[in-house]
Amino acid sequence: MADGIPLNPVRKNLRKTAYYDASRPARYQIEDESSNLDEMPLMMSEEAFENDESDYQTLPRARVSQRRRGLGWFLCGGWKVLCSSCCECLVHTCRRKKELKARTVWLGHPEKCEEKYPKNAIKNQKYNIVTFVPGVLYQQFKFFLNLYFLVVACSQFVPSLKIGYLYTYWAPLGFVLAVTMVREAVDEVRRCRRDKEMNSQLYSKLTVRGKVQVKSSDIQVGDLIIVEKNQRIPADMIFLRTSEKTGSCFIRTDQLDGETDWKLRIGVACTQRLPALGDLFSISAYVYVQKPQLDIHSFEGNFTREDCDPPIHESLSIENTLWASTVVASGTVIGVVIYTGKEMRSVMNTSQSKNKVGLLDLELNRLTKALFLAQVVLSVVMVALQGFLGPWFRNLFRFVVLFSYIIPISLRVNLDMGKSAYGWMIMKDENIPGTVVRTSTIPEELGRLVYLLTDKTGTLTQNEMVFKRLHLGTVSYGTDTMDEIQSHIIQSYAQVSSAQSNGSSASSTPSRKPQPPAPKVRKSVSSRIHEAVKAIALCHNVTPVYESRVNGANAEPESTEADQDFSDDNRTYQASSPDEVALVRWTESVGLTLVNRDLTSLQLKTPAGQILTYYILQIFPFTSESKRMGIIVREEATGDITFYMKGADVAMASIVQYNDWLEEECGNMAREGLRTLVVAKKSLTEEQYQDFENRYNQAKLSIHDRNLKVAAVVESLEREMELLCLTGVEDQLQADVRPTLELLRNAGIKIWMLTGDKLETATCIAKSSHLVSRNQDIHVFKPVSNRGEAHLELNAFRRKHDCALVISGDSLEVCLRYYEHEFVELACQCPAVVCCRCSPTQKAQIVRLLQQHTANRTCAIGDGGNDVSMIQAADCGIGIEGKEGKQASLAADFSITQFKHIGRLLMVHGRNSYKRSAALGQFVMHRGMIISTMQAVFSSIFYFASVPLYQGFLMVGYATIYTMFPVFSLVLDQDVKPEMALLYPELYKDLTKGRSLSFKTFLIWVLISIYQGGILMYGALVLFDQEFVHVVAISFTALILTELLMVALTIRTWHWLMVVAQLISLACYLASLAFLNEYFDLSFITTRVFLWKVCVITLVSCLPLYIIKYLKRKFSPPSYSKLSS
């Protein structure tokens, strides 16, 4: 009975707790004030944790949504939420998601698959022929304003509600929908072509009868596929064989994870040993693989061959996989397909990023809702003044239709076209070459930023690693003393070579050392340097690649002498970490060169040209959790087995033997801005290694909890290791980082640096880059692990004023768990914040916290795959295409090539985009309000009749050819030159207050519209003769001229295209007068009376506004006008 009692019984009524893990932040926790962190359960099921995390994300919204009820909520989007919820329930009811399971795949026998797997077809299309029109219409009419215009247009089919010609209302709506449909159709055709091109690619499929050609879309689970060099891998596969003698190949993964370095993949040993390809069908073998998952960096599976006695079992890991969307870089590979279609890693990781909506769009939406309310109120007032006579509800709806132009239907089209123009200008700017706009809907966000969250490595720094320091505990070597290390290496290997050439003669060695005491010291230093350099040259995942080998030339790796191929000048090093490449290049510079590497051995070339061979027994790759990597090698000459390991100081401190210098020297190097690695070794006997190998192989064959079991076995070996050295690698700053950060700081942008590096290194880079000024105090947040410590440290931080904050990821996690609001409030008051040891999840969490607790816009910038979540979470994401690949660049809204380009991107293009869109939006709304004011005046004078003032082509032409081009030309306007905007970044600070588009400016434009509309209408009524048609001709012509003059008075910097737009619009109107005899009296509009009446009305409507603008600019000029003058 005792076996059935759980060790940690948990009552069902216990309070909700969160999974506590240093690698991922606990986001939400409900507990009492007196709770103790030590009383929390250490583990929680993955499902429970995900539920707990999602509860945190949805709980605040749930509380808010409870208050969002009623008519206002429904009109502002509640109807859309309700419809979407109903559709989602219907979809889930009709089509349940298939449960993913582990599977057994037989080599070359897809018919043996127990289940039906997805078709291997790439489908990025949103619609098909049947669903295109309904789908696009739904996407448009799910917005309230578009639905409103549709209802207004449909109302014209009702005779009692009809105001004028049908095309008066249907033509603008049709134009907007046509533009949208054409744009969607073009994008859909492009997606269809790309999908068809990818799905039609031919691959060689291995069958019993030989090779056959098969399309990518026809590949099935269990097929044996042959992939040539430089060919894309069509589906997720297990690597079985290769044409390379080494049994391995390189793949390029830049389209999968964004990393440009080649990755080494290893074929299954059992199938690699088969004599010919056809033998794959003569064996009975299968692979058992885990269910499809998102993680592209891990894999668990087993290979089994049954036709042997005993059966052969091999464990499979990430090194045996070939994921789809990667490219074979060397040789020809054969693999068995295990996942296809939507179950492939690349497809599962392709998620739709959130549709980012700019702050300006949200502000315009609020203004249009205010206009809608004003339209309804105005219609009610007109009906009330009419006395609610007759069918007043019908008249109410007719007035709503008459005043529908208050809400401009062309607003969205104009803004979208303007955004496209801004994107084109950004990409054509020669001062920021290589800049790409990937999200064209938010260029105005670049002009409203308050917080900039930046990565360090590769963003502020060049990601160009240079070896700078080697510390042995008692002696340190820098760049100016590397020749001493080189001389020690030459001496050490010269002695070894001399001893080997003289055989077992013992007399030759003392003859070289006539002074016993001194040589003992030199020998001690030389041997320590020798061991350290050898460990650095062996402990890595770097592979030397020669141009001749990549191109297919077969070199003999078994050569034991200095080979011509080994001295090839075209040798390059491939590795997933630039730090490792820097270390290997340094060992080459001091005399110990890595010349060859395959699956089983490493070869080093000594300064004398001798080739030393080391057999690779085991490799333990670097992971973000372990923060270290190791290798076990056997030296060919002596047979000695040595376990080498290197890693971060926090991971290695508890592994190496006791010492009194490691922690201090790590801090010293970090203060110099160096990235540190601790190197250690451990000698193993044959018995020790055999015992370890047996336990390790048994753990690797486990399907369940394999990683935990393997880690436990490896940790049993990581004890009392001998500390060899500490290395320091420098990552130099990007060009013009200091002036760029100074520019951003003067623009009122607060800069937060989020990095995974250690605290000392991050602080040093913050100082050297002038992120933190040298005379500014820095508060280093002490490590905290519980609520009490966090409370005390926050109180200490609260007493500091105007100081930069430096905090680690672990302490940040504790603060956010207990004092989220208080911490964010204090941190936002700091001029700069540095968060070190941050995980990618924490970076994104910090972005979301700033969005939730402040009303300001955030921008995230980075260059690596670990920055993608932060970039996608920010209001504006900027990616740098750098050494770590293109993943951040591809996921970002804007892509740049250097950090310094962000200055011009924000100060010039961001500022101009915001001010231009603000002016464009208000002008389009002004164009609708002025004609609605004229309609209101006209109806009020003629006994509140719901009769249109203008009909037919006049209304259509007014919103299109007569005024569209001059108004849209505002996207070319600029208040100051780009040089002045960069010289005076304080101009950018004014934009964050949103004064260019606010309720104040909106009310000013409303008053202008009422004044001008009243003047135009009353003037035309006062000056007209006996014919009503004269009122229409005078008022409409004056309206067109007023709009053109208002645009001209608003422009601050003229462009030749603006002049052309004005002339074209005026010419179009004058030319159309000959065809408007249905609306105008042609004999009247050619008289002088018509001309002077139009001129007087136009002058009265515009001149007072110009005088007021001139006086305001003279006595209270804006900041930009002071610079432009």
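The backbone N, Cα and C atoms fix where each Cβ goes, glycine too.
Per Swiss-Prot, the features are as follows:
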TOPO_DOM  1-131  topological domain 'Cytoplasmic'
TRANSMEM  132-152  transmembrane segment
TOPO_DOM  153-161  topological domain 'Extracellular'
TRANSMEM  162-182  transmembrane segment
TOPO_DOM  183-369  topological domain 'Cytoplasmic'
TRANSMEM  370-390  transmembrane segment
TOPO_DOM  391-395  topological domain 'Extracellular'
TRANSMEM  396-415  transmembrane segment
TOPO_DOM  416-928  topological domain 'Cytoplasmic'
ACT_SITE  ASP455  active site, 4-aspartylphosphate intermediate
BINDING   ASP455, THR457, ASP863, ASP867  Mg(2+) binding site
BINDING   455-457, GLU580, PHE622, LYS627, LYS646, 675-676, 755-757, ARG837, LYS843, 866-867  ATP binding site
REGION    500-525  region 'Disordered'
COMPBIAS  500-511  compositional bias 'Low complexity'
REGION    552-574  region 'Disordered'
COMPBIAS  558-567  compositional bias 'Acidic residues'
TRANSMEM  929-949  transmembrane segment
TRANSMEM  952-972  transmembrane segment
TOPO_DOM  973-1001  topological domain 'Cytoplasmic'
TRANSMEM  1002-1022  transmembrane segment
TOPO_DOM  1023-1030  topological domain 'Extracellular'
TRANSMEM  1031-1051  transmembrane segment
TOPO_DOM  1052-1055  topological domain 'Cytoplasmic'
TRANSMEM  1056-1076  transmembrane segment
TOPO_DOM  1077-1088  topological domain 'Extracellular'
TRANSMEM  1089-1109  transmembrane segment
TOPO_DOM  1110-1125  topological domain 'Cytoplasmic'
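Feature map: annotations from Swiss-Prot on the structure.
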residue : record                                        : DSSP class
ASP455  : active site, 4-aspartylphosphate intermediate : coil
PHE622  : ATP binding site                              : coil
LYS646  : ATP binding site                              : strand
THR676  : ATP binding site                              : strand
GLY756  : ATP binding site                              : coil
ARG837  : ATP binding site                              : coil
ASP863  : Mg(2+) binding site                           : coil
(message) Taking the Cα of GLY756 (ATP binding site) as the centre, which of the recorded positions listed as ASP455, THR457, ASP863 lie within 10 Å of it?
(response) ASP455, THR457
(message) Can you tell me which parts of the same chain pack against the transmembrane segment (370-390), counting only residues 6+ beyond its ends and a CB-CB cutoff under 8 A?
(response) 145, 148, 396, 399-400, 402-404, 406-407, 925, 928-929, 932, 936, 939-940, 943-944, 946, 1002
(request) Could you check the binding-site residues LYS646, ARG837 and say which one's CB has the most other CB atoms within 10 Å? (result) LYS646
(request) Establish whether the number of Cβ pairs under 8 Å between the transmembrane segment (1031-1051) and the transmembrane segment (162-182) reaches at least three, counting only pairs separated by 6 or more residues. (result) no
(request) Among 396-415, 929-949, 952-972, point out the range having the most Cβ pairs under 8 angstroms from the transmembrane segment (1056-1076). (result) 952-972
(request) Give the one range among 162-182, 929-949, 952-972, 1089-1109 whose Cβ atoms make the most pairs under 8 Å with those of the transmembrane segment (132-152). (result) 162-182
(request) Report the DSSP secondary-structure composition of the topological domain 'Extracellular' (153-161) as helix, strand and coil residue counts. (result) 6 helix, 0 strand, 3 coil
(request) Grab the same-chain neighbours of the topological domain 'Cytoplasmic' (1052-1055) for me: Cβ-Cβ under 8 Å, and only residues 6 or more beyond its ends, written as numbers and ranges. (result) 969, 972-975, 1124
(message) With Cβ-Cβ distances below 8 Å as the criterion, list the same-chain residues six or more beyond the ends of the transmembrane segment (1002-1022) that contact it, or say none.
(response) 367, 370, 922, 925-926, 929-934, 936-938, 941, 1031, 1034-1035, 1038-1039, 1042, 1093, 1096-1097, 1100-1102, 1104-1105
(message) At a 10 A cut-off on CB-CB distances, which of the binding-site residues PHE622, THR676 has the highest count?
(response) THR676
(message) Any contact between the transmembrane segment (952-972) and the transmembrane segment (1089-1109)? By contact I mean 3+ C-beta pairs closer than 8 Å, pairs at least 6 apart along the chain.
(response) no
(request) Sorry to bug you, but what's the C-alpha spacing from THR457 (Mg(2+) binding site) to PHE622 (ATP binding site), rounded to the closest Å? (result) 18
